[in-house]
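A.B. asks: Attaching a single structure in structure tokens format; questions to follow.
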Amino acid sequence: MNGVAVHSALVCTETHNAICNIHNEATGKDLFISALNLYTSLNHQQVIMRMRLKLKTVFVLYFIVSLLGLIYALMQLGQRCDCRDHAMSKDQQISQLRGELQKLQEHIKTSELSKKTDVPRIYVITPTYARLVQKAELTRLSHTFLHVPQLHWIVVEDAPQPTSLVTDFLAASGLTYTHLYKRTPKDRKLQEGDPSWLKPRGAEQRNEGLRWLREMGAAAKGKEAAALEEAVVYFADDDNTYSLQLFEEMRYTYRVSVWPVGLVGGMKFERPVVEDGKVVRFHTGWRPNRPFPIDMAGFAVSLRLILTNPQARFDGDAQMGFLESSFLQHLVTMDDLEPKADLCTKVLVWHTRTEKPKMKREDALQKQGLGSDPDVEV
């Protein structure tokens, strides 16, 4: 082989090697790209699977929350909904807030007043008698008196001796009290079927309360006697309704203070008529010419005035409508009356009366021996 041939062979060999190298390099790159594509594809599938898992979890949670909300809504069906706050206008809401504020202020005022011990004492004389509603009436009245500072309740039973019902009731009332009794003579008692106005009621019991006050006044000395000089006496029936403001109106009475009474005498109210700060007449629908055409709930008297006028008492034989006059005419004249309650323009006491309970079913059961347990106090 000559030199040219050898050189040609060497050139071919080198060329072949170069081509092989190029091929090998190309093949390696393709494999790398393929592997990279495979890895990317697998990683993408994993991401998709994770996303699907997350979406599935979110869906399950959303379903559970929705289901719980549906169950709660179903539980609320049929229950009452107080939607007043939503229905009220702004003016109504403001009015309601003002009302609540006023109640709060009155409560604070009452709480502060109840702590006072340096104000004049009020002695309240209440006649009472046995009947089905007696305890209910006394309970309501006592709850009013519990809010009045410096009040001494004198309860006088129309009975030959104190009853256990009233005795136990007063002991548990939380009030300062005196328990008395005085029986009304049979000829002065109302009989079954008599109208309530036919005869004066409670005269003997009120006089018994006055007797106790006079005995107490005669025995008082020093500071107690001085305190009695400022005290006030009020005659409160057990079936009336009283505003707390009434007791603060009467507390500072010099002789006899007066005010309107609602729902009495067949009228919306009866009241003293005031001109230039003086009582000149009475607004009443019956016998306005009486010396004092006023209801028992419409006046209070200074205890000092009672103690200095021992002849002042209620006449149990007084004709209809003159019981109050039989007492007051011994104490004052029309000019001496002290108008209270904004010059007798506000009603702070109402002559209410509890309806007599109907016991037809009870009577029928009693005849069968199935009546209510008599040992249960009503």
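Including glycine, each Cβ sits where the backbone N, Cα and C put it.
The model shown is predicted, which means the values in this text are computed figures rather than measured ones.
From TrEMBL, for reference:
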type	residues	note
ACT_SITE	E324	active site, proton donor/acceptor
BINDING	P127, T128, Y129, D158, R201, R206, D237, D238, D239, H351, T352, R353	UDP-alpha-D-glucuronate binding site
BINDING	D239	Mn(2+) binding site
COILED	87-114	coiled coil
REGION	358-378	region 'Disordered'
SITE	E270	site 'Interaction with galactose moiety of substrate glycoprotein'
TRANSMEM	58-75	transmembrane segment
A.B. asks: Just to verify: the residue among D237, D239, E270, E324 with the fewest other Cβ atoms within 10 Å, which of the recorded positions is it?
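C.D. replies: Taking D237, D239, E270, E324 as the recorded positions, the minimal 10 Å Cβ count falls on D239.
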A.B. asks: Among all chains shown, work out which of the binding-site residues P127, Y129 has the most CB atoms within 10 A of its CB.
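C.D. replies: When each Cβ's neighbours within 10 Å are tallied, P127 leads.
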A.B. asks: Which value in Å gives the longest Cα to Cα span across the UDP-alpha-D-glucuronate site residues P127, T128, Y129, D158, R201, R206, D237, D238, D239, H351, T352, R353 as recorded?
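C.D. replies: It comes out at 21 Å between the most distant Cα atoms.
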A.B. asks: At a 10 Å cut-off from the C-beta of R201 (UDP-alpha-D-glucuronate binding site), count the other C-beta atoms across all protein chains.
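C.D. replies: Taking all protein chains shown, R201 (UDP-alpha-D-glucuronate binding site) has 21 Cβ neighbours within 10 Å.
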A.B. asks: What residues, ordered by sequence, lie under 8 A Cβ-to-Cβ from T352 (UDP-alpha-D-glucuronate binding site) and sit at least six positions away in the same chain?
C.D. replies: D239, N240, T241, L263
A.B. asks: May I ask which of the recorded positions Y129, R201, D237, E270 is closest to the residue listed as 'active site, proton donor/acceptor' if we compare their C-alpha atoms?
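C.D. replies: Nearest by Cα distance to the residue listed as 'active site, proton donor/acceptor': R201.
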A.B. asks: Out of P127, Y129, R201, D237, the binding-site residues in the record, which is closest to E270 (site 'Interaction with galactose moiety of substrate glycoprotein') when you go by Cα distance?
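C.D. replies: When the Cα distances are compared, D237 comes out closest.
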A.B. asks: Limited to the coiled coil (87-114), I'd like the whole-number average of pLDDT.
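C.D. replies: Averaged over the coiled coil (87-114), per-residue pLDDT gives 67.
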A.B. asks: Using DSSP, how many residues of the region 'Disordered' (358-378) fall into helix, strand and coil, respectively?
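C.D. replies: Residue counts for the region 'Disordered' (358-378) by secondary structure: 8 helix, 0 strand, 13 coil.
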